Every structure is written in structure tokens, then in C-alpha cells.
């Protein structure tokens, strides 16, 4: 599946969140990762993040699609990381 | 189409970026908006953002899918705004 992950976590937990996300996904922009994962990898990533974040304070949103072809990405301005067509 | 928009813009331009995004989309998380737009609305949003951001410094990434049914969203931790199933 194609996964877009956006995190909004406290500064002191960002390094662990980043390290965990980087194991599974590519960095796209300041607080965004994306990549292709199996369902098992997705569950493993969510479980790992669950041990890293404070669920009372932090927030991680994922968007998943069955395949990357179902989602088009585009960038306006600076293309920071990862793929994406420049508008 | 279903649109996810993530912005990474300089603090001084954030208010204008937020105001522009709010005209078209729902706020989901710190730097994320989502919503359903027509192709014309999407182009209008991108054009409006193009006049607001500094393309040498700021970055806006969008992910679009033909319909919201093609994308599943999930939240780990705090659900800040907008829809999304709690894991």
C-alpha cells in the first residue's frame, strides 16, 4: 500500500519519531513521509510509533491507498525531498 | 477529487497560507488540510497559493486522488481536526 504519514509531535520526541519513520518511509517535507509498505510493515510502523509518541499530546495522521498510482503528488515552491511533480 | 495538502512555509507567511487553504479545505493537523475539490477549485487554490508563498523558500505538497474512497485516513494519538479513524 502507498502510505503518506504526517506527524505533529513534541520537539523532544521528534528525533525518535523521525528515526522510526525513516526505517519504513522516505522523507518528503518537514513533517511528512511517504512510501510503499506491506500491510504488515504498516502495522509494525504504527506499533513502533505507538511506543514513541505521547498519545495525549502527539498526533500522527496516515493516509493510505492501495497503490501509488491512485494518488498523484505535486509540489508548489521548493521540492524538499522525495518524488513529486513540480507544478 | 480528494486533496491532502501539506504546507511548509515561513512563519510570517503562514497566516495568508492558512487563510487561503481554509477557503477550500478542512484543517486536519498542524500543517495539513484535506477536502474534496473540483479540478477547477484545485487549480484556483494552487494559483492563490502561488501568489502567497515564496517559491524559493516555501514548499506546499499536495496528494490528490480521484475520490475520498480511494484513500483511508487514520490517526495515532490525538485527533486534532477533521475526520479520520482512531487507531
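Backbone N, Cα and C define each Cβ position, glycine as well.
Copied over from TrEMBL:
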type    : residues : note
BINDING : A:8      : Mg(2+) binding site
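Secondary structure at residue A:8 (Mg(2+) binding site), as computed by DSSP, is strand.
Neighbour count (other Cβ atoms within 10 Å of the Cβ, all protein chains): 20 for the residue listed as 'Mg(2+) binding site'.
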